[in-house]
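Asker: A single structure is presented below for examination.
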């Protein structure tokens with residue numbers, strides 16, 4: 001289907017077609033992403049409500065389904081107040097610097113075979129590079145706000161993101177070692193091989209089982225990277241109110257939250273791609289194979305996002321020193337140790353990734 005669309009477009013628009021096709025693919029990513037963020041927030045409020053034995057949002061529309069629309073309209077109608085003491089240019093550009101990397105990562109995330117905006121061979125390297133850029137927007141927001149609370153939150157955010165970026169990087173290196181490719185589509189395809197895949201049990205051939213410690217480290221580090229509970233000391237309400245966002249209001253404030261929820265979806269999608277077989281069905285059987293791969297990826301992302309929400313409802317916020325200790329004294333040594341084990345495993349006679 002995609003090949004027929006591209007051939008028709010090339011014949012119709014000529015030299016303009018590559019630009020038009022890129023814009024169409026970008027719109028097809030951004031608009032559903034915004035819709036997913038809106039209803040992810042509703043799902044979060046509903047799920048936490050059920051866990052707290054409450055009802056959750058149920059007033060706007062049937063069963064509260066229009067609540068995200070009401071929230072967006074409320075934020076759009078609020079005035080963006082710019083305090084007089086801030087560095088105006090950097091204050092305004094900081095939310096965009098946080099949001100743009102979160103959106104840019106989706107250029108290389110494969111939704112199913114051949115369904116990717118840009119199927120580049122260095123996709124994994126691209127993800128690691130772009131995901132580390134968002135911290136600059138957070139630091140800029142804290143510094144430009146000219147507030148001690150905002151600056152303290154920005155310093156916490158930068159230290160926390162840098163600390164857990166190392167563990168996430170080592171976890172992804174192990175995936176690179178066992179797959180031998182930086183292309184995300186190749187990483188998904190490489191998980192459907194081996195003893196279990198040959199017998200139709202794809203779920204046991206995915207990387208989550210053979211790289212179980214890396215799977216846990218990557219996902220938990222992703223929770224810390226997104227400053228989500230229980231790692232949300234960056235915006236600890238009882239200490240520094242809203243952290244680096246304290247001087248923001250209206251849509252400028254909303255852009256930070258939009259970036260946070262997009263990053264949650266990014267971490268879930270990358271975890272599903274790296275460790276849970278991406279768009280692959282768990283069992284190689286006709287009853288599963290007729291379902292498009294996109295829906296399998298969607299189910300995995302939804303379950304991982306629900307784990308994000310479950311963590312928020314179940315765990316208390318960690319102290320800042322506990323967060324740093326977990327990253328530097330547990331996760332980094334664990335990932336380095338497992339990296340060495342995988343390297344030895346690959347050259348041994350018991351290599352299961354051949």
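Backbone N, Cα and C define each Cβ position, glycine as well.
Because the structure is a prediction, the values reported are computed rather than measured.
Residues or ranges marked as transmembrane segment in Swiss-Prot: 23-43, 91-111, 124-144, 162-182, 203-223, 250-270, 291-311, 330-350.
Could you place these features in context, so I can see how deep they sit and what lies close by?
Answerer: Residues 29-30, 33, 82, 117-120, 123, 126-127, 130-131, 133-134, 136-138, 140-141, 144-145, 184-185, 188, 247-248, 252, 255-256, 258-259, 262-263, 266, 269-270, 273, 278-279, 293-294, 297 of the same chain lie 6 or more positions beyond the ends of the transmembrane segment (91-111) yet place their CB under 8 Å from a CB of it.
Below 8 angstroms of C-beta separation, residues 121-125, 127-128, 131-132, 135, 190-191, 207, 210-211, 214-215, 217-218, 221-222, 224-225, 274-275, 323-324, 327-328, 331-332, 334-336, 338-339, 342-343, 346, 353 of the same chain, each at least six residues beyond the ends of the transmembrane segment (162-182), sit close to that stretch.
Within its own chain, the transmembrane segment (203-223) has Cβ neighbours under 8 Å at 164-165, 167-168, 170-172, 174-175, 178, 191-197, 231, 267-268, 270-271, 274-277, 280, 282-283, 304, 307-308, 311, 327, 331, 334-335, 338, 342, 352-353, counting only residues six or more beyond its boundaries.
When Cβ-Cβ distances below 8 Å are used as the criterion, the transmembrane segment (250-270) is approached by residues 33-34, 36-37, 40-41, 72, 75-76, 78-81, 92, 95-96, 98-99, 102-103, 105-106, 109, 127, 131, 134, 137, 141, 219, 222-223, 225-228, 244, 297, 300-301, 304-305, 308 of the same chain, each at least six residues removed from its ends.
Non-local neighbours of the transmembrane segment (330-350) in the same chain are 164, 166-167, 170-171, 173-174, 177-178, 211, 213-214, 217, 220-221; each lies 6+ residues outside the stretch with a CB under 8 Å from one of its CB atoms.
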